[in-house]
């Protein structure tokens, strides 16, 4: 047992003052508060740190020389987190995250926290909690070797404005609830729940990390009194130091839920004191755009009396699991990781750090020698070393599934050209060029879109593909290489070519075949629109076949370079189902206009499939003025040629899809419900003939979209750092008692 006297404890003192005002729309009641002085992390009566964990016999000890530094993942005042590769032993080649802390920079309380973090990680084994593989120390530093989680942290995702719909939040909160419950069952209060401490693995599941502020051995009938955690996420009983139990974590879960759903914190004043007073007394303004179930859960988590808080009762987490907000969650499947996460990081190189903050990953990884600590520091960390007992067994029995051959061949600094061989051009645009490429190791063929970042910000396109590319009819993003001026997006190769090419090459084509094609495309567009995504460039050249089968299932919607995601006033993503009170009317109008443009493009495609020529251009030599005049008139022919043989039902659908007024145009949902689509198996099998040469039809189609592109300038897609949310959270250092 190692003991510390009061003289060894650091005490940065402050007072909680009485405030009577209205801040950010929150009314603060004029009630006197007890003035107290306390340390940022006053451990109170907890003066002894038990050392009960030891290195398991027979396991190999680790040291810094066994790990190759690859990249910097994060940095604080006490040290850094590196991406490393194990160089020797049964797990050679395995990637880990290495947390390096400088002993000399750690005050006594911080050393206690670090030892506590190591002890907790040794004890914990849970699918949603980060795993500790090794722990060791040198004279000047402490090392924790942890899981490397390629998805980055939720804070980075939030600051990039990806997520969060209520369905997304429901999934992440459910996994967090299981992780917190596991800690509570071990007598551990987490006490520092915030987006920065929630990581995403390569499949998109969460992993809770950073246990430096957690408190062990707190039973339900006992309380801790230390003032630890990030202020904005603190429960009232932590702020007023009247003692707290595991129930404090459920308040923090509510804060996290509120922030993920709204992009703002529920209690945040102009300074630390005001924030704490708001936590203690301010009334919470409940956003009305949230569902009743979400509002209900927030109210039950934001109970200032911890004994009344959801999860504090004798049933614990079961109270939370039974809440109607989680009614669609299968908790057993969730625990077994059988439910599909709402977001999956782009798959690619095992050491890919695209999801991490470039502020850190751009730095050269260097682990400088640590300054020797004070004389008693080594005694403090006695028993710190650890090797996970399962590390050796796992490495013997299981292949390193997350290590691709490319890592072993090319190492950590592999560039696109190290991994892929460029071949011929596939397509050339204003901001990018698309080429075929071959993986140098597997010889598999892919396509790569090379984007000039000086001409266009690719962030939105990458985020959309990462988020929605798992849909079977949306092109799949395989890898991302960010190399200075250019970004390389590696995708599956569309070997079947353009949809229109394939159709026009067929001598005969029936309504039934056309309806099957339109159904597949419209179903995909409807999925995107329901998620608040508009493509805005659905010309036929962006709809391709994955293979030569001609099967509608192999159709892929490609090129999301001009796609947009619906965002609220705070910059967060939304779905159209709950935006009325959260988005400016002109934004909704613009979104509706863009969605209507997507349907218009599908109408042009349908017209061309049935007629064999385009509706508004007679040939590739038509001028933009002529084409725009015809489009603006809203008139197109539905008589003569194939139209004399085409069903009235198809003509009715076309007239609604090509309606000149976007407000009267069909939505994707309405297209799918139209009888020509809903009863497509009953459509005529009559073979429609082709009269015009395919190259003339394609030329006319290109002229149509060229005219449209000249009519309106494409919007400039600014970096996400310019958004209101990114600016609001730009500091990357929420006021924290941890000071790190």
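Cβ coordinates are placed from backbone N, Cα and C, and glycine is handled just like the others.
According to Swiss-Prot, the active site, proton acceptor annotation covers 192 (among others). Counting every protein chain shown, the Cβ of residue 192 (active site, proton acceptor) has 24 other Cβ atoms within 10 Å.
Among the features that Swiss-Prot reports, active site, proton acceptor is placed at 537 (among others), with the record citing similarity to another entry. All protein chains included, residue 537 (active site, proton acceptor) registers 20 other Cβ atoms within 10 Å of its own Cβ.
Marked as ATP binding site by Swiss-Prot on the basis of sequence analysis: 73-81, 99, 426-434, 449. Other Cβ atoms within 10 Å of the Cβ of residue 431 (ATP binding site), summed over all protein chains shown, number 17.
The domain 'Protein kinase 1' feature in Swiss-Prot is assigned to 67-326; the stated evidence is sequence analysis. Mean pLDDT, taken over the domain 'Protein kinase 1' (67-326), works out to 78 on the 0 to 100 scale.
Swiss-Prot lists 327-396 with the feature domain 'AGC-kinase C-terminal'.
Residues or ranges marked as domain 'Protein kinase 2' by Swiss-Prot on the basis of sequence analysis: 420-677.
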Response to the item:
residue 192 (active site, proton acceptor) falls, by DSSP collapsed to helix, strand or coil, into coil
Discussion item. Using other CB atoms within 10 angstroms as the count, which residue among the binding-site residues 73, 428, 434 scores least?
Written reply: 428
Discussion item. Can you tell me the CA-to-CA distance separating residue 434 (ATP binding site) and residue 537 (active site, proton acceptor), as a whole number of Å?
Written reply: 16
Item to complete: Any same-chain residues 6+ apart from residue 99 (ATP binding site) with CB under 8 Å of its CB? Would you list them in sequence order, or say none?
Response: 79, 80, 81, 143, 144, 145, 146
